[in-house]
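*Asks:* Take a look at the following structure, please.
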């Protein structure tokens, strides 16, 4: 049944799904939320949430700012002048200026923004791991879509990255699969017939790729301002997942396995 595992998978008040480079040893599924015990407080440098950290609402602490290095004196007229000029161009092209690329090609633009990038105000609600997990599904249904915005999020390595923040009442993913990379080269794969998240759903991702009606591939990313219509048109999805929050998270026929 759709909500057969509700008692074991719904955290009190709110669940936070934070996935990243967690080791397999930290990813064992507890039998119930009440039995989950938070780990000791960690620093941002060693914060590596596992697959089931969302059961206890665990997140990463905000990293301390790193002092900027003092540049070496430049005699002028040499390589330093050339790099300064190139740096100005790169800063104008890279999304966010400090967080790297936005991930994925722009919708219909081939990955090249046609003008200034949309603003990305900082959302520091959470600190995410630098390497996101990969979520995919063979079907997608979004109910009560209330917001889709471009924001900047903090990563555990101290950088920031542009991301989509999607808000909805309910999201249902059929043929759900979540691949979490591990530090030792072994990852963890979680699959389910259906994943349902409902109640104040918030999803953070750099980009979403999916198939639309007619079989064409569409990318929704941070290079251009996304629209609700673009998101609702996706019939399947594949996305790097920084994190997901909801009042309830439910699996049907879930299975976890270590990946070589």
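Even glycines carry a Cβ here, placed using N, Cα and C.
On a predicted model such as this, the values are computed, not experimentally measured, just so you know.
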*Asks:* Quick one: sort out which of 94-119, 120-145 is the region 'Disordered' according to TrEMBL.
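*Replies:* From TrEMBL, the annotated region 'Disordered' range turns out to be 94-119.
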*Asks:* Can you check which of 38-59, 60-81, 148-169 TrEMBL lists as region 'Disordered'?
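*Replies:* Based on what TrEMBL states, region 'Disordered' spans 60-81.
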